[in-house]
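Per Swiss-Prot, these features apply:
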- 15-35: transmembrane segment (TRANSMEM)
- 44-64: transmembrane segment (TRANSMEM)
- 73-93: transmembrane segment (TRANSMEM)
- 96-116: transmembrane segment (TRANSMEM)
- 133-153: transmembrane segment (TRANSMEM)
- 160-180: transmembrane segment (TRANSMEM)
- 203-223: transmembrane segment (TRANSMEM)
- 240-262: transmembrane segment (TRANSMEM)
- 271-291: transmembrane segment (TRANSMEM)
- 293-313: transmembrane segment (TRANSMEM)
- 330-350: transmembrane segment (TRANSMEM)
- 357-377: transmembrane segment (TRANSMEM)
Amino acid sequence: MINRQHIQLSLQSLSLVAGFMVWVLISSLISQITLDIHLSKGEISLVTAIPVILGSLLRIPLGYLTNRFGARLMFMVSFILLLFPVFWISIADSLFDLIAGGFFLGIGGAVFSIGVTSLPKYYPKEKHGVVNGIYGAGNIGTAVTTFAAPVIAQAVGWKSTVQMYLILLAVFALLHVLFGDRHEKKVKVSVKTQIKAVYRNHVLWFLSLFYFITFGAFVAFTIYLPNFLVEHFGLNPADAGLRTAGFIAVSTLLRPAGGFLADKMSPLRILMFVFAGLTLSGIILSFSPTIGLYTFGSLTVAVCSGIGNGTVFKLVPFYFSKQAGIANGIVSAMGGLGGFFPPLILASVFQATGQYAIGFMALSEVALASFVLVIWMYWQERMKTHTERNSQSIN
């Protein structure tokens, strides 16, 4: 059983790395792509954000299907399907090609819900936070592509760079054929029954909001920073890619730390600090005329989003152990959608005002609202615990 645990944790975590590497292909190479395909600023924002749509919405059925058929089959099918949009993008010569191919790249982001549904089955509840945190560190795949793809593209061209990812996908599909767990525990409760059990629970929607902000901030900065740093601060694509990779690395490496801390202390207390930090970072980014101050604000977002992501996914199986697949899918879908809207909002704000301050202040205000909600949830839990203890004392 121990070997089975470690094999699945390693294989599924590496699979998430591969999926996220593919997911951010367009945003990582957009500076080189626009040399061949002319795009307006609005079209660039749309093209870089479009993979997030399917990458978010597909997480709900993938979470459910993982519970029903197992991670082995779902990872295999996902990697095989990804071969088609990756090849399409490698021969793209129009805005339509980038939008159509980019939409189906979203499968790479959707695979997240496979592991967070599958892996807790192999471990006791007190380890769910750190296990999901380790798996979530597969986000580092976005850093790998963001840093490496522009460098490789300078040497061989962006189309050849994209084609290299076909090999990566084929390798991981084969790894799941060989080492995927054929005997994973399956849950065959109907999707209708699972949805009925969770959708009226306000905790599900609070967790969805929290992940909308923490993971949404991570995704939004990942897809927006490479082009933003080039356009706004005049950096070259390789330098912008390196800085974005640094942001991703900090956030990703702190995700397991968030899960570990949530296993050891109150997850809601941790989220208080997370949202307080995001509130502060939004204010800093709103008034960042220099690259130094902007870097500090971005790294604050990286720290808070990483710890917050790990903490939220400690809470999902804690509250919804019997409906983990559908609950994981809904919460992670909301997180993905949180990465879709900010780039479009920032682009619209910039076109209307010539600056990004209002867009970053919106991050601060939403984070502040979540901070208040977490405090409310924390005191509700305290009151519930106090009431239960009093009733036990009376009995």
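Cβ coordinates come from backbone N, Cα and C, glycine included.
Values in this document were obtained by computation on a predicted structure and should not be read as measured data.
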Same-chain residues at least 6 beyond the ends of the transmembrane segment (330-350) whose Cβ lies under 8 Å from its Cβ atoms: 41-42, 45-46, 48-49, 52-53, 55-60, 63, 109-110, 112-113, 116, 198, 204, 207-209, 211-220, 222-224, 309, 312-313, 316, 356, 358-360, 362-363
Same-chain residues at least 6 beyond the ends of the transmembrane segment (15-35) whose Cβ lies under 8 Å from its Cβ atoms: 44, 47-48, 50-51, 55, 75, 78-79, 82, 86, 89, 92, 98, 101-102, 105-112, 114-115, 135-136, 138-142, 144-146, 149-150, 153-154, 157-158, 161-162, 165, 168-169, 172, 175-176, 222-224, 226-227, 230, 237, 240-241
For the transmembrane segment (271-291), distant same-chain residues with Cβ under 8 A (at least six beyond the ends): 210, 213-214, 217, 233, 297-298, 300-301, 303-305, 307-308, 311-312, 356-358, 360-365, 367-368, 370-371, 374-375, 378
The transmembrane segment (293-313) versus listed stretches 96-116, 133-153, 203-223: most Cβ pairs under 8 Å: 203-223
